[in-house]
Amino acid sequence: MLKILFFGDIAGSPGRKAVKQELPKIMESEQPDLVLANVENLAHGKGVTVKTIEELMRAGIQGFTGGNHVFSKKEFSEQALRKYSELIVRPGNIPDTYAGSTAVKIETAKGSVLLGNFLGQVFMDRQFPEAVSSPFSGVDEWLNSHSEKFAAIVVDFHAEATSEKIAFGYYLDGRVAAVLGTHTHIPTADAKVLSQGTAYITDVGMCGAAGSVLGVKKELSLKRFLTGERVAFDIPEDASSAELSYVIITIDEQSAKAISIQAVHKIVGLR
Ligand SMILES: [Fe+2]
Ligand SMILES: [Fe+2]
């Protein structure tokens, strides 16, 4: 049995602190074979950098997924996506002019795991600067081009609309071991194994500051809603507690199908 731990969107330093603090305890109790995380908001809430990815690698995270914000630190993000192209997967249904890999293969004690990342199209048009092509036809092509045998295929579906997310889950049922929703930062209570053996959740949730709006300072978010002004968002760096959201999936590595998925959502005090 292959056990995979996946953290939802890690949002800035409160998210990184929460993961670094809690991961040793989770490792001890769960003993996963592979630890993954969505990192589109890793560096101060938007994008990845070499420094922040290395910080998580030292903490024990072995593979990373992206999203609409993964490139937001411009050349710093591109540098990280190139340097760690064997560990970080960026969305597969965006123009191939973007830096980074669209598939990552990670060796575990139980066999090779293929990791993919796709963006949704519904309500996402203002959240990514270029046209996003269909994740449905995109994932078909992607699976065709990675047809070798894997112990598990894990797809992070980074999307806003719950309907598009569950439809994508059914579309991939039996073809991948897990479809894990990310992006909204709000965990959903619908973790389940679909009828053909795919573990599914609409959204894993985030690892980020508690008492925030999706990881950013609530006062700034409120100001934007109250005034309609384009307020620059910021991370509450001094947060004393954080939300920690992750899933634990068990997979039969022979059939590459899921046995179980458990979603965890908790608030942890930051030391
Ligand atoms: Fe996010
Ligand atoms: Fe996102």
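Using N, Cα and C of the backbone, Cβ positions are placed for all residues, glycine too.
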Fe cation 1 site partner of GLU40, ASN41, HIS185 (as recorded in TrEMBL), chosen from ASP9, ASP140, ASP156, ASP234:
ASP9
Have a look through HIS183, HIS265 and flag the one TrEMBL assigns to the Fe cation 2 site that GLU40, ASN68, HIS158 belong to.
HIS183
Quick note, ASN68 (Fe cation 2 binding site) and ASP9 (Fe cation 1 binding site): C-alpha atoms separated, nearest Å, by 12
Can you list the residues of the same chain, besides GLU40, ASN68, HIS158, HIS183, whose Cβ falls within 8 Å of the Fe cation 2 site's Cβ centroid?
ASP9, ASN38, GLY66, GLY67, HIS69, VAL70, PRO91, LEU119, GLN127, ALA159, THR182
Nearest-integer angstrom distance between the alpha carbons (Cα) of HIS183 (Fe cation 2 binding site) and HIS69 (active site, proton donor):
9
May I ask which of the binding-site residues ASN41, ASN68, HIS158, HIS183 have a CB within less than 6 Å of any atom of ligand 1, listed in sequence order?
ASN41, HIS183
Taking 10 A as the limit, how many CB atoms besides its own sit near the CB of HIS183 (Fe cation 2 binding site)?
27
